[in-house]
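Here Swiss-Prot flags 30-37, 57-61, 75-78, 142-145, 172-174 as GTP binding site. What Swiss-Prot lists as Mg(2+) binding site is Ser37, Thr59. Sequence annotations record features per position, and here Swiss-Prot assigns domain 'EngB-type G' to 22-192 based on sequence analysis.
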Amino acid sequence: MKIDSATFYKSCSELKGLPVSSLPEIVFVGRSNVGKSTLLNTLTGRKALAKTSSTPGKTQLINYFTINDRLYFVDLPGYGYAKVAKGQRYEWGRLLGGYISEREEISLVVLLIDSRHPDMESDQQMIEFLEYYQRPYGIVLTKYDKLKQKEKSRVRKALKSFSLKTKFIVNYSALSGEGKESLLEQLENYTG
């Protein structure tokens, strides 16, 4: 998949504000601060397309980006961040859960997992949620360049054991660009 154009389309704080469109949606989900916005920026070649922050919980809305005028990339709020009010966590969970379970336009969910922490319970719960709702999903291991070779092997084994239905697993480094072409090739299969 070659990305020729990528533009911000809209942000939604509620499900009723989602775009009325038949364009396929490729959704990016993961724990807070896993690198969703950074990945979107490196995939599209636009440094400031999605706002990034070192502060977990920066993305608080469902953010839509139009890609090549033929599909959306959707950046969801991160899950698992404890330093926000309980009510805010509940609202994020309701928004994220409602979107994934109800949105017909979703063609693929890309689950980002921090390769340094591949066995987090919240990531396992997300995989179970995606499988329950029969959503096709792939896994992107972020921050992969920070692992030693021995750790890389352990991470891939761990993931294969609890994500049997994943369409793909891609190692990704925003710094080196490792995994970018592989991920774009995978995404091409879900563009409609």
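Placed from the backbone N, Cα and C atoms, the Cβ positions cover glycine too.
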Quick check on the binding-site residues: of Asn33, Lys36, Ser37, Leu61, Pro77, whose CB has the lowest count of neighbouring CB atoms inside 10 Å?
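So among Asn33, Lys36, Ser37, Leu61, Pro77, the binding-site residues given, the one with the fewest Cβ atoms within 10 Å is Leu61.
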Could you find out if DSSP has Lys36 (GTP binding site) as helix, strand or coil?
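Lys36 (GTP binding site) sits in a helix per DSSP.
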Of Gly30, Lys143, Tyr172, the binding-site residues given in the record, which has the fewest other CB atoms within 10 A of its CB?
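Lowest Cβ count within 10 Å among the binding-site residues (Gly30, Lys143, Tyr172) is Lys143.
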Hey, how far is Tyr172 (GTP binding site) from Ser37 (Mg(2+) binding site), Cα to Cα, in Å?
13
Please classify the secondary structure at Gly30 (GTP binding site) using three-state DSSP.
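Looking at the DSSP assignment, Gly30 (GTP binding site) belongs to a strand.
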Hey, how far is Leu61 (GTP binding site) from Ser37 (Mg(2+) binding site), Cα to Cα, in Å?
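For Leu61 (GTP binding site) versus Ser37 (Mg(2+) binding site), the Cα atoms are 12 Å apart.
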Measure from the CA atom of Pro77 (GTP binding site) to the CA atom of Ser37 (Mg(2+) binding site) and give the result in Å, rounded to a whole number.
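Just about 10 Å between their Cα atoms.
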